[in-house]
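Comments concern the structure below.
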Amino acid sequence: MATEHNVQLVPGSQKIPKGVVSPRSAAEGPALTRRRSKKESWHPGSQKASSGDQSSSQGSEASGSSKHPPRTKVGQEEPSSAPARPASHRHSHRHRSDPQQDAAQRTYGPLLNRMFGKDRELGPEELEELQAAFEEFDTDQDGYIGYRELGDCMRTLGYMPTEMELLEVSQHVKMRMGGFVDFEEFVELISPKLREETAHMLGVRELRIAFREFDKDRDGRITVAELRQAAPALLGEPLEGTELDEMLREMDLNGDGTIDFDEFVMMLSTG
């Protein structure tokens, strides 16, 4: 009879035949396989592919940026695509002299300067205005005002002197006039400023006065004969016949051979 042998399996003593995978090795196998597959995803070939994808995505971003240009920061000027204009265009709107206006200024300019310009004498109304302003600041009524009151007195007359102008006037009064001025000295100080202020403020009344200096017969028109007659006294020199004819032709807007007051005013206007 065959003898039965009781075989006891001792843990760890059993040998595993070749070709048979133990449960532990089987568990490790997939883990090794997973690590291997992860390493394969880091293969240089895959890096090249990913870099190619990045380059393609960067290219798409670059193409998209060309469609949508970057915004300009606040305070930064946008580049102008329009071509720069030549420098000559900057001065294309300069004021061009008008022959008619030049002729009028040449004819009537000396008269107006003598009557209403910087070299004219003050009229009675202007002297009365200065007298009233002087008396307002002569508080003790002794006929003098101090240099400290000159600035306020000038402002009362409508002038706005600068600090430098006030300093010059004050120094002049203190050093040469003892710090006080009487009315005559006050007029000497103020009249140049007054003439300068009104030299370019000719009203209708002043223009009519100048017009009557030429219009001797008071018919409201200036003829060639009247222009020739008034020229030596008003302009300081006689005018030749051809020069008179040319001047009258340039200033005679309606072509009637004479200059009326409207034409006189229009030719003297500096528009």
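Even glycines carry a Cβ here, placed using N, Cα and C.
Marked as region 'Disordered' by Swiss-Prot: 1-105. Feature annotation from Swiss-Prot assigns domain 'EF-hand 1' to 125-160; the stated evidence is sequence analysis. Here Swiss-Prot flags 179-196 as domain 'EF-hand 2', drawing on sequence analysis. Residues annotated as domain 'EF-hand 3' in Swiss-Prot: 202-237.
Broken down by DSSP into helix, strand and coil, the domain 'EF-hand 2' (179-196) contains 14 helix, 2 strand, 2 coil. Taken through DSSP, the domain 'EF-hand 1' (125-160) splits into 23 helix, 2 strand, 11 coil.
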